[in-house]
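Taken from TrEMBL, the feature domain 'Potassium channel tetramerisation-type BTB' covers 18-119. Feature annotation from TrEMBL assigns transmembrane segment to 172-197, 241-268, 317-338, 350-369, 381-399. According to TrEMBL, the domain 'Ion transport' annotation covers 175-409.
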Amino acid sequence: ERERGERRDRERDDLIAIAVNIGGVKLVLYGDVLNRYPESRLAELINCSTLNYDIIYSLCDDYDPGKREFYFDRDPDAFKCIIDVYYFGEIHIKRGICPICFIKEMEFWKIDQSYLDECCKSDLTEKEEELAEIANKVKLILDDLDVIPSVNRSARYQKFLWKLMEKPESSLPARIIAIASFLFVLVSSLVMCVGTIPEVQMEDDEGDLVEHPTLEAIETVCIGWFTIEYLLRFMSSPNKLHFFLSFMNIIDFMAIMPFYVVLTLTYLGTAMMDLAKVQQAVQALRIMRIARIFKLARHSSGLQTLTYALKRSFKELGLLLMYMGIGIFVFSALGYTLEQSHPETLFSSIPQSFWWAIITMTTVGYGDIYPKTTLGKCNAAISFLCGVIAIALPIHPIINNFVIFYNKQRLLETAAKHELELMELQSSEDSMVKATRKSGALGALESSMRTSRSDNSIPLIEESTRTLKSKKYCSETESF
């Protein structure tokens, strides 16, 4: 009898239907569907056997006993996705819905995130990474504004020096130092190029051409600036290990290291090795001075964006190299074979034909080696066309990665500024509350603040989403 009674109760509960109004959209749901996930909010609502309004209002925003209709001030578009879990056992986030806001909707309806499809989880991970980047940018901006005070005097000096050397936008002296560093890089690169002109060089005691003393003096001044800049940045760096392993800092070290190595070899190396070997080592190290041109990337956001786009395009670049490598091998072998019948052939071997295949497929064509037979010319034409196609194929993904990263950086900077504005607005509201606490008007002001203040932990996304939702709710309510 007891089992039969419980079975009748379950059948009665399954036939029960409730009407829910989600942001102006009315739906009728049955108990047999909602009870598939008994821990969800809707299942708790339909299984609520008592008429205690405190329990009912803890599960919904409003309740009409006459219509037995439950009202929820939630996003109807998100609910249309969430309701799928009762029918299909999984949830897909529709395009146009913020994944972070959707997760909050799932938490409200007490649906576990494990029911999200894998494609939606990847979008969620991407959005979480973007929010983490926004938080880091906000933290850096607050740090630049000295909102977060330092603990002691030495930490304050270290932070001041770090901002002076690394944050050109933080103050006028920092901007002047950045411009001076940029000019020193240009002057040093120009001196390196001008120093190779024979008319500018001078002869030493042995009759060899050497750099002009004036250019050497300018080079020494530039290296002195780079050395002081590197040491100051190292001293003020909050993380010395990260400073050493940073790519840009490695370039800075390579830009100043050859000068001191050459100086050491010039004055001390002659006593330990032959003079000719010292001169060869000096010439080999001087060529490393070209690394200082990469210091311009420190002062150019465009070059940094291009570098990141190339990093994201390793797969496309690998495909390009693979296509070119296969084409070079195939067409060089064909060119060598087809040109052997000509008595004045320029293709002496397949490895020597690699050079011809490279300059042909890359549309350079120096003309130092070329086919002379008819079949060899046809092979050259086909290799030329294949080279153009192989180079053009991965260009669009690389450009797309550049545009995506550039737009993403602009959006993150804008979002960080909006987040700071919201923080400033909230701090001003808090100061107004404290100011009116003495005047006795606290209750009215706090109630008005509660209606305008966000109750979520992500005000940037939630406030904009709430504004869009309210407009959509009003239009849908008017249609009803």
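Cβ coordinates are placed from backbone N, Cα and C, and glycine is handled just like the others.
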(Q) Can you tell me which parts of the same chain pack against the transmembrane segment (350-369), counting only residues 6+ beyond its ends and a CB-CB cutoff under 8 A? (A) 324, 327-329, 331-333, 335-336, 380, 383-384, 386-388, 390-391
Q.
Are there residues at least six beyond either end of the transmembrane segment (317-338) with Cβ under 8 Å to its Cβ atoms? List them, or say none.
A. 310, 347, 349-350, 353-354, 356-358, 360-362, 371, 373, 375-376, 379-380, 382-383, 386-387, 390-391, 393-394, 398
**Q.** Long-range Cβ neighbours of the transmembrane segment (381-399) (under 8 Å; 6 or more residues past either end)
**A.** 309-310, 313, 316-317, 319-320, 323-324, 327, 331, 335, 357, 360-363
Q) Could you give the mean pLDDT over the domain 'Potassium channel tetramerisation-type BTB' (18-119), rounded to a whole number? A) 84
